[in-house]
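Listed in Swiss-Prot:
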BINDING   Arg62, Tyr203, Lys209, Arg329  substrate binding site
BINDING   Lys209, His228, Asp265  Mn(2+) binding site
BINDING   Lys209, His228, 244-252, Glu293, Arg329, 445-446, Thr451  ATP binding site
Amino acid sequence: MLSRIEQELAQLGITNVKEIVHNPSYEQLFEEEMKPGLDGFEKGVLTNSGAVAVDTGIFTGRSPKDKYIVYDETTKDNVWWTSEAVKNDNKPMSQSTWENLKDVVTHQLSNKRLFVIDAFCGASKTHRLAVRIITEVAWQAHFVKNMFIRPTADELKVFEPNFVVMNGSKVTNPNWQAQGLNSENFVAFNLTERIQLIGGTWYGGEMKKGMFSMMNYLLPLKNVASMHCSANVGKEGDVAVFFGLSGTGKTTLSTDPKRKLIGDDEHGWDEHGVFNYEGGCYAKTINLSEENEPDIYRAIRRDALLENVVVAEDGSIDFADKSKTENTRVSYPIYHIDNIVEPVSKAGHAQKVIFLTADAFGVLPPVAKLTPEQTKYYFLSGFTAKLAGTERGITEPTPTFSACFGAAFLSLHPTKYAEVLVQRMEAAGSQAYLVNTGWNGTGKRISIKDTRGIIDAILDGSIEKATTHALPVFDLRVPDALPGVDTAILDPRDTYAEAAEWHAKAEDLAARFVKNFEKYTTNEEGKALVAAGPQLSK
């Protein structure tokens, strides 16, 4: 007689399972990761921090070119599909290819010893997904136990999954060429069956961001904002959300000793307020130091899981070593951070909405207060820029425009996210600010001390008392002075020897904004927002 869990796996096509390790404890997972017989990417290494380190193989980041969504009655009119005109990661997949991939993965997972983790995605009981993750690999089970919300013992007794992730990282798709796919690896979603299939990639982030993409599909259709942001709350219950692409400071700036962390990456905003999707944090560890990021540094202990870091024979970690990848990471349960919202990662409505950008062009001001129209414009633009070395050693800025500060994870059209966010902001009387954590005319990055001073001024309301003036080209309102912030940096023109040099760079960046925004001007709402963006001199 099959047990209930065996029957449920058999319904998915996974049969003759040797053993099911169902919802193991951290202690059990540690023992599994340390088993002497493990080899390859299954092997865990104990570091002197107490945390286990693993390697994810050739995939040290997500594989967006291998992401597909089944094109069917459920999705055909809702998904923001890729097109020749505007490319994105939502590539359509036929039902027959899906069936084939499902056979490939279920065949791989059958006749094996499996780990099954049941967890929630979403701290709101109304809007959460009950996710079941099935994998052969102990550390992948550990990763999702860290990253998703861990149900209580009572919740586990009655747990009924409404989304299933089948991780077949050890198997690839032999028919990919005939099926017209990008490669033998795949990350595929079926919204009718509510299943995610993974093949060929061991990277843990595919499971985390996969469920984020699904929340990004399901929630805005129910008028719940779905956001790639961090969030925290002050002593008075005042909530702030921080949007921003990778490397702009979301995790660093929302981890604030004066405020409690709601979450560091993915949130929803419904009629009750802001809630975290996750039960853990997935922090970058490149160049991590206790001095600069004490909370993250101290979170790396037993039960944390390090990815692709270089571990010496004595178990010490060299966080500066990027020989495997720059995208070294650690996942840990959120309670490894002291100052968090407990027991449930949620709070009220956000009063302050902060768009973080790291402008390597040296044009944008360290802070500007946005009008409602500018809020939509800069949200849809999702701008940041990095400095990339060219062959002569000159560092050229490379711009990135990523809709809603998270285009890779958007399943619906970007304007839907902007519309729902602004509705929530208007209902709560929220104010948006653009905060640039990047470079200025001195050639140096704006100091973390000044950026923290700016964030403090936004959060304590002192920015509202500041007099402002308009920055030309972008027509952004810039404060004349803020407490605890170097006044000389507030207007970026003052950081150049010649204001004309700033102006030339501003025209260049403005032209890039204008060109990027053209894709949103196919409807009236988009056309109406053009005036809120930078204006080129005729």
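Keep in mind that glycine also has a Cβ here, set from the backbone N, Cα and C atoms.
Structure coloured by features recorded in Swiss-Prot.
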residue : record                 : Cβ within 10 Å
Arg62   : substrate binding site : 20
Tyr203  : substrate binding site : 25
Lys209  : substrate binding site : 23
His228  : Mn(2+) binding site    : 25
Gly244  : ATP binding site       : 25
Ser246  : ATP binding site       : 18
Lys250  : ATP binding site       : 24
Thr252  : ATP binding site       : 23
Asp265  : Mn(2+) binding site    : 24
Arg329  : substrate binding site : 23
Residues within 8 Å of the Arg62, Tyr203, Lys209, Arg329 Cβ centre (excluding the substrate site residues themselves): Gly61, Gly204, Gly205, Glu206, Lys208, Tyr282, Asn327
Residues within 8 Å of the Lys209, His228, Asp265 Cβ centre (excluding the Mn(2+) site residues themselves): Lys208, Phe212, Glu266, Gly406, Phe409
Rounded to the nearest Å - Cα separation of Arg62 (substrate binding site) and Ile446 (ATP binding site): 29
Cα distance (Å, whole number) from Asp265 (Mn(2+) binding site) to Lys209 (substrate binding site): 10
Listed binding-site residues among Tyr203, Gly244, Thr248, Thr252, Arg329 whose Cα sits within 10 Å of His228 (Mn(2+) binding site): Gly244
Rounded Cα-Cα span from Lys250 (ATP binding site) to Asp265 (Mn(2+) binding site), Å: 8
For Ile446 (ATP binding site): intrachain residues, at least 6 apart, with Cβ closer than 8 Å: Pro366, Asn436, Thr437, Gly438, Trp439, Asn440, Ile489
For substrate, whose listed binding residues are Arg62, Tyr203, Lys209, Arg329, the greatest C-alpha pairwise distance in Å: 14
Rounded to the nearest Å - Cα separation of Gly244 (ATP binding site) and Tyr203 (substrate binding site): 22
